[in-house]
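Down below is the structure, laid out as structure tokens.
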Amino acid sequence: MSGNKISTLQGLVFFFYRFFILRRWFHRNPKQKYQKCPSHGLHETHDLSHHTLVFNVEGALLKSNSLFPYFMLVAFEAGGIIRSLLLFILYPLISLMSYEMGLKTMVMLSFFGVKKESFRAGKSVLPKYFLEDVGLEMFEVLKRGGKRVGVSDLPQVMIDGFLRDYLEIEVVIGREMKMIGGYYLGIMMDKRKHEFAFGKLFQEEKLSSGHVIGITSFNSPSHRSLLSQFCQEIYFVRKSDKKSWRSLPRNKYPKPLIFHDGRLAIKPTPLNTLTLFMWAPFAAALATARLVVGLTLPYSLASPFLAFSGLRLTLSVNNPNDLISTDQKKGCLFVCNHRTLLDPLYISYALRKKNIKAVTYSLSRLSELLAPIKTVRLTRDRARDGQAMERLLSQGDLVVCPEGTTCREPYLLRFSPLFSEVSDVIVPVAIDSHVAFFYGTTASGLKAFDPIFFLMDPYPSYTVRLLDPVSGGGSSTCRDPDNEKTKFEVANHVQHEIGNALGFECTNLTRRDKYFILAGNNGVVNKK
């Protein structure tokens, strides 16, 4: 009985707020304007620095009119292949529903039963695909605004990280999700409560004190009604406008996209998703065949088969004579950037040396057992790791990835200077890799499957470029406690040589930064 009274009271409060307070405020804006095409109406001569811009995310910022790819990413990355398959099968039926009903259905299929604490797709996976879908013309308008407010029908957990962290939007208003016991129920907050929260936040942020401009879509009647209560001017985006928009270039991202997670390397549109599911059985068989051949056959026999199966390896060497170690007691120290766990193996294939060894900071036990070359785990103890690397160098050639973790984008993380202390001659190796369907790296998933996903790709490619050797410190200058600067100079020099060869940007970010952003931990891998 008391619950019904509370519900009735909430309804009366909402009615009073919407039809008296908002309407009273609305009538203070008799000069409200409705215009088309904000990229033309709000041209560069208009000073928007003192204006508040309220925009509809999916209707006025993103080029695509379909929300299916973003829910498919959530379903696949947070729920698994069965959930994503169910969403794909039901999508034809969802496309026949009304906008609100179809949205609720996709939310239910994607989020039901997902644990809130473990859901990181909104910050680690979705921003990449949202950024690639942003229209340059609308972005140019928004960045001139004094304060920007993003309004969306999507769940808050899907858009908050993208808008705040990468587009630097000050206020983000999405729909909250209902939970029980820390798990999402797949049910969003009621539309009326969403509008009530919007109005309340509008008053708290004191956004109504200045000139407010709304930007929405002709296809978003709910947002059009909502914005009319707060905005003096409203601009509408048409589908024909979006078709002429250009994609936002990477160099114009307010914050560079250096880290992102997830297995899918292709945007899962309905057609692409169909292709992925049709390819999956062949991918499993192909990955198994590639793995067996690569582990069992000698290079002379394995290389032709792997090339025929679609694997591509391009090798370039600046000076082959420099690859012969002048120290007969030691092998060559190859220092490379880190793209996937297969980096040392591809260097081994490129040099046709199976006796080459590699050191790693973290590697799953399964990957260690399957690796065709010897791998040694480092302990992060400088003295012990240095001794281990010297011992391995005395036995032959050694590969080290001083970034300590992989990076998918064209950036290099900070190089640990440990390698500069163990050899007088260092051979920098610039590595790049490309995939079409699946990424062979992960921060939050099972690392044991990283090579498998890479081998499941139809045409994965690797480029290995051996650069001119540089002088290391060996046992002299870089080991001297008074010469701390020297070993960092060597590490930074090698990093910049590799960066220049690849056209990558060098950063001071570390492994810890990556895992904190993507997985919320320090990057320690369980031995599975």
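Cβ atoms here come from the backbone N, Cα and C positions, even for glycine.
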Tell me which of 6-26, 69-89, 90-110 corresponds to the transmembrane segment entry in TrEMBL.
6-26
Write out how many residues of the domain 'Phospholipid/glycerol acyltransferase' (332-434) are helix, how many strand and how many coil, based on DSSP.
34 helix, 27 strand, 42 coil
Calculate the per-residue pLDDT averaged over the domain 'Phospholipid/glycerol acyltransferase' (332-434) and state the result as an integer.
88
